[in-house]
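Data block below; observations after.
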Amino acid sequence: MGSGIPLLNDYKEEFFWRRFLQTLLGGPKLRLGYDAPPYVYVMQVVLFSIPLILGIVFTILAETGLTSDVVAVCIYGGMIGIFALVVQLASMLVQRRETTVSPLATNTQNMLAEDDEIFFESCCSVGTVEFIIPGKKYKVNIFIHAAIAGVVGGLGFWYLLPTTLDGLYNDMIGVTIILYITGWLTLCVALYSVAIAPPPEVATFRTSDTWEIAPLMRPFYILLFACFDQLARHNADFVTTNEILHVVFVFLPLLWIMGLMPPLEALFLWAVEQMVIFLFGGSAMASSPRLVLMLLLSTLVYLLVYFVPFGLQSVAMMAVFGVLLSCEHGIILWVLDLWQRSPVQHPSRQHHWGYYLTLFALPVLACGVATATNHFYIEGTVSTDAADYVAYGIVGLFGVELLLAKAQTVYLFGGLWRNPLYPPGVMSRRLVRRRRGLLAAFGDIRRVIMCAVAPLSVVIYLSLSVDLESSDKQVTNGNTTHVPMTMVVLGTARAFRWAWQTTHLSLYDVTITFLVNKLATDTTTTWRSLGVGLQLLIVSVIRDRLEQFVNKLYFCVTLLVKSWVDKKQRHRSTVPTLGLYVILFPLLLATIFLAAVLSAPMLPLFTLPIFLIGYPRPLRSWPGSVGQSASECGDTAFYKHAALELTRTLPASIARGSLGDVGPGSYFLLRYQDRLVWLQVLERGCGYCHVSVKGLELQETSCHTVEASRIDDIIEETFEIPESKQHIPCCLWNHHPLNVMRPCDAVFLQTYSDAKNQLTGVIDSPDVLKSVASGFAMSLVWVLLHSTWEEHTGLQDSNTDTQRPDTSRVKTWLAGEKTGGDDPWVKTKAEVNPVISVRPLSARSGISDFASSVGSGWLDDDLDDELDSPATKNKINLATRDKQNITEVMKPPGVLMSSGDAANLDLLDFGLPTVDITQTMPNRFAASLPHSVTYASPHSSHFTVPSAWRDSPVSQKTLTLLMDRFPQEWFTHVLSLFAYKTTSQKDSVDIVGEVTRDSVLATVYSHLVMSCVSVLGLADGASLTPSHVYRLYNGVIPWSPTSDWLTDDVQLLRLVLKAYRYAVKLAVDQAVLGEVTSHSEVEEYLEEYDSNWYIGSEGDPGWTEAVTSGIGQLFSLSHDPIQGVYKSRVLTMTDLPVYVSALSAEAVRAQWANLSVEMLYMTNDDEERYSIQAHTTLLRNLTVQAADPPLGYPIYSSPPLSVATF
C-alpha cells in the first residue's frame, strides 16, 4: 500500500514548489505556474531590493564617517517606515479604483485558465497592484505595520553594520563580509513580509489570520536578535552569546522554511504555559484566557509574598495560596470561570457540605502545618535532621504510591507484561468487582496518600528546609554562592504550590532532589546554595525534558521499525531513509534532544520516518476553544450522553491510579461496542481534572475499520485471557509493545447498547401485519384516553416531549400533485404554526409541470429520497389563504384549480368537465357528531375530545362497517383505569361505573378511532404491506379524500402517529416474545412504552433529545434500499464495559504537527493521501479524525468537562 500511494499528486507538488519559493523569499511570487508579463517579476524584485539598496548607501555613509551610526540608524529606519507607508497607501488608492471601473476593465480571474491564473493589463492596473501588494484588511494596520517596519529596519541596520561585526569577530574580514551579505538577505526577507505582503508560512497555528498578525512574525524575531545585541553592548557577559546569535541570524530564512519558528500566538501561549508550569508550579490550562489569567494571578501572588516581611507570615501565605491556586473551586479559580468566554462545564457535580468543608479545611490545614513546622524549625525546637527524616518518608511514600498505581494497571514494566493480579476477564461487572477486591483496596490506599498524606508531607519537608529570614540576610560562608532573594522566594512559593497541583510529580522531584543532595557531599557547592525551592524547580525542568526525550525517542524508533517491518507501510523512500539514519544516528539523537529542550513535537513528514522539529506550541495543540465545532450527525447524541456519564465513571479510575499518571497532554482512547471515544486531558489540579471528549464516527471507513479491528484485537488479547493461558507466563507478554496504544483499565459505563436486527420474516408476515392493524385501534384508545387524563389532571408525562412524533417531516401532496400507481400516498406536514407544505395546483403552469406529476409512483428503494422531496419546500400560510376567501375542500376527479390547468387538459385531450371550486361542496355522506354533546355522566367530560375531532370525514356507511372492529372491551378496561386515577372520592367505584356505562362517550371515541383507522388505510389488515407499515411509521400519510382532516390537525396527528408506532412495536414484540392473551398484558406493554421507551424515527429531533436525556430504551424502524430489507434498532440503557487505553502523547502531537503542515501549508487534502491511510501501530487515521476541525472531523467534541478526583 505504502509504495503505491504518492505523497503529493502532480498538481499539489507543483503548487508546493511555487509556495516553497515564496516562503523562502519572504513573499515575492517569482514562480507562478503560468506566463506573466516581465514587469510583474521586475516590480517584486525592485520592492524586495529597495531596503537593501538603501542599507548599502547608509552603510557607506556610516563607515566613511560622513554620519554617525546612530544618525544613520534613525534615518534609515525612518525611510523604511515611509517606504512601507507609501507602498500600502498607493495600493489602497489604486484598489479603490475598482469600485468605479467597469468589471470588464479590471484584471479579474481568467475563468478559462487553471486555478488562480490572472490577466495583467498593465503595471499600474488594479489587478497587478492587488496581486503584488494585496493591502491590509484593517486600515489602521497600514500605519502600525509601517512603524514596525521602520523600527525593525533601523535596528537591523545597526545589527549588521560592519563596525558591529568587526567588533564581535575581531576584524575577521571574511566573516564580516559573509555575515553582512547573508544578514541583509535575512533582513530584506523579514521587511518584505511586513511592508509588502506576508508569505505563506510553514508554521501555521490558525487557519485564518483575523487580526493580521502573520506579517509581524518574521520582524518580531529580527527585533529579538537586535534587542539582544543592544543588551550585549552594555553587558560583557553576553558577548559570546551575541556572537553565536549573529551566526544564527543568517539562518533564520532556513528556520522559517523548516517551520521551526512558531507563529506569534503559538509562541506567546507556549511561553506563558511554560512559565505557569515551571516558574509558578501550575498546570497547563483548558483555555487560552484561563492560561493568561492564571499567569497574572500567579505573578500577583508571587509579588505579594515577596514584599511581605520574611518570616512565618510569608510561609503561611505560600502554603495557603499554594492550595487556593491548585484547587478548582479556590476563590481565585472562581474568577477564572467567570471571566473566560467558554466556562468549564461541571456535569457530574453534586457537591454537598463535605466537599466545601474540604475546600475550606485544606488551606487552613496546610497553613497550620507549615507555620507550626517552620516556627519550631527556626526556634531550634526541632532537630536539624528532621528534614532528612521527613525526606526519607517522602521517598517511601513515592515508592509505595508507585507500586500501588502500577499494581492496578493491566500491564507492568512499561507495558511489556500483563499484571497477574488483574482479572482475566471483564465482561461481567459482578465478577470484576469480586476479583478486583484487592486492587480496589490498593486504589483506596493510594487515594488517601495522594489526597492528604503526600502533599502534607511535602509541605512539612519544605517548612523544615526553608529559612527565608536567614536567606534575606545575604550571608555567604566560604565559597558559597549567593542567590538573589527573588529567585529564592520564587522557587519556594512554586514548591508549596507544586505539592498540591501535581502531587505525584512533586513526590518524584523531592525524591530526586533529596538523593542528589545526599550524594553531593561537598557542602560549599553552588547546588546547595540554591535552596530546596530552586533545586526542585531545576529538577522538575530536567525531569520533564528527559521524559520528553525518552518518549520522542520511543516514537521515532517505533516509526522507523514499523516502516520496514510492516510491508504495507513501506514506501519507496523507506530504505534510503533507514540507511541514512543508521549512518547519521547521532544527528537523529540531536534532533530529538533539541525538540525535547524546546518542548516541541517531532514532525514526521507525511508520517514517514523523516523527522523534523515542529514549532513549540501549547499542549492543547489547537488554537480554538475546546469543543468549538464538530462534524455533527445523528450519532453525535450517543457521544454527548456518554461524555456526561464518563465524568461520573472516570474519577474513581483517575484517583486510584489505574490509568497511570494522568496530566495535561495525556490522551486516552475508549472503546465500547462499535464506538470510539477520544479523551484529552487539558488541566489537572488538586482534586479535579479537566478533559475534552471527542466522538469518532460510527460508520467506519475502510481505514477506520482496519485500525478499529486492530484495537479490538489488542483489547481482546489484553482483557479476555482464556483459562488455558492464565497460568502460562509466556502468554502474558504484550504482543504489541510498540503500538502507540497501551491498555490501562476497564470500567463500566451506563450507556446505550445498540442492537440492529433485520425484520425479514417479521414485518412481512401476514400475522404481524394483521396485528399492526388490530393493535392500532387499541393503542389509539390508550393514547387518546391517556392524553385527556393528563390534560384533566394537569400532569405532564416525563416523556411527553421525547415521545411526541416529529410531524415536521410529514408532507402533503394534494390530489393531482401525485397521481398514478397502485400506492397513492399523501405526505403531510403539519407544524405548530399555521403553515403546511402545500404546493397549490394554481401555482403550476405549463404542460411540462403538469405532465411531470403524472404517473409518479413510489418504490421502496426511493423511500429515503421521497421523505425529503424538494416538492415540500413551498409553503402557503393558511391565514393568508383564509383572507382570500378560498375554501379548501375535497376535490373529486376532474376538479381544476385554474384555467391554466384546463388549458393543459385541452392540450392533452382528456379530462372531466370543469367544476367551480369557489362554491363549497358539502360532504353529504360524512358521519359527524354534534359539536355539543351531553354525556350520561358528568364525570365523562373529563375525557372529552375537541369538537373538531368529532367531525369525521368518513361516510356513515364506512363507519358502520368498521364499528364491529372497535375494541369495546379494551376501551372499557382503559377507561375504568384512567377514570379511577382521575377521582379520589370515596364513591370512586360508582363514578367509574357511571363513566364506563356512558354510551355517548363510547360513541365519540368509537367514531374517532375508527375514522382514524379508515383514514390511515388500516381497515383491511390483510391488504397491508411492509412498505405501508414503514412509511406510515415514519409519518408518511397515505393520500385519500379524507386525509386532510387528519393532517391539518397537529395535535391529533401527533397522537395518531404515536399510537401507530406503539402498534408496530407491540406487533414486533408479540412476534418475538409471544402473543398477549389478556388486556392486562397489553396494558403492561403500553405503560412500559409510555414510561421507559422512545418509539420513533432516528431522524426526529425527539430521538436526539431522548438519547441525550437518557431515556431507558429507544426503538426505530428503518429501510435499507441497497439490501431491500427492513431493520429495527433497539437502544437499551445498560452497564457496558469500556476499555480505556493510554495513547502515546508524543505520537499524537507528532501526527497532528504533520497534519497542520500538510493541510495548511501544502493543502494536501486528498482523501486518499498516504498520511491518512490506515496504520495499525500509529492509529494514523483515528488520530487525524480526532484533530480539531477543520483539519479533523470528530462527530462530537465536548467543551472542557470537569472531573472530580478527590
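Heads up, the Cβ atoms here are built off N, Cα and C, so glycines get one too.
Unlike curated entries, TrEMBL annotations are predicted automatically.
Positions annotated as transmembrane segment by TrEMBL: 39-61 (among others).
Residues annotated as transmembrane segment in TrEMBL: 73-94 (among others). Remote same-chain residues near the transmembrane segment (73-94) are listed as 47, 50-51, 54-55, 58, 67, 124, 126, 129-130, 133-136, 139, 142-143, 145-147, 149-155, 157-158, 191, 194-196 (criterion: CB distance under 8 Å, separation of at least six residues from the stretch ends).
Under 8 Å from some Cβ of the transmembrane segment (142-161) lie the Cβ atoms of residues 51, 55, 58-59, 62-63, 69, 72-74, 76-85, 88-89, 92, 136, 179-180, 183-184, 187, 190-191, 194-195, 212, 215-216, 219, 222-223, 225-227, 229-230, 246, 249, all in the same chain and six or more residues away from its ends. Annotation comment: TrEMBL describes 142-161 (among others) as transmembrane segment.
The transmembrane segment annotation in TrEMBL covers 173-196 (among others).
The transmembrane segment feature in TrEMBL is assigned to 216-232 (among others).
Under the heading transmembrane segment, TrEMBL lists 244-261 (among others).
Non-local neighbours of the transmembrane segment (291-309) in the same chain are 269, 272-273, 275-276, 279-280, 282, 284-285, 317-318, 321, 325, 332, 335-336, 339-340, 485-486, 489-490, 493, 618; each lies 6+ residues outside the stretch with a CB under 8 Å from one of its CB atoms. If you look up TrEMBL, you'll see 291-309 (among others) marked as transmembrane segment.
Sequence annotations record features per position, and here TrEMBL assigns transmembrane segment to 315-336 (among others).
Positions annotated as transmembrane segment by TrEMBL: 356-377 (among others).
If you look up TrEMBL, you'll see 389-417 (among others) marked as transmembrane segment.
The transmembrane segment feature in TrEMBL is assigned to 438-462 (among others).
Taken from TrEMBL, the feature transmembrane segment covers 578-603 (among others).
Model confidence over the domain 'Pecanex C-terminal' (1029-1199) stands at 89, taken as the mean pLDDT rounded to a whole number. The domain 'Pecanex C-terminal' annotation in TrEMBL covers 1029-1199.
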Verify whether three or more Cβ pairs under 8 angstroms connect the transmembrane segment (438-462) with the transmembrane segment (356-377), leaving out any pair fewer than 6 apart in sequence.
yes
Hey, which of 39-61, 173-196, 216-232, 578-603 has the most Cβ-Cβ pairs under 8 Å against the transmembrane segment (244-261)?
173-196
Surrounding residues of the transmembrane segment (39-61) on its own chain - C-beta under 8 Å, 6+ positions past either end:
25-26, 28-30, 32, 67, 72, 75-76, 79-80, 83, 87, 120, 123, 128, 131-133, 153, 157, 160-162, 184-185, 187-188, 191-192, 195-196
Cβ under 8 Å to the transmembrane segment (389-417), counting only same-chain residues 6 or more beyond its ends: which ones?
439, 442-443, 445-446, 449-450, 453-454, 457-458, 460-461, 464, 504, 507-508, 510-511, 514-515, 656-661, 718-719, 732-734, 737, 742-746
For the transmembrane segment (578-603), give me same-chain residues lying six or more residues beyond its boundaries with a C-beta closer than 8 angstroms to one of its C-beta atoms, as numbers and ranges.
259-260, 270, 274, 544-546, 548-549, 552-553, 555-556, 560, 563-564, 609, 611-617, 1146, 1149-1150, 1152-1154, 1157
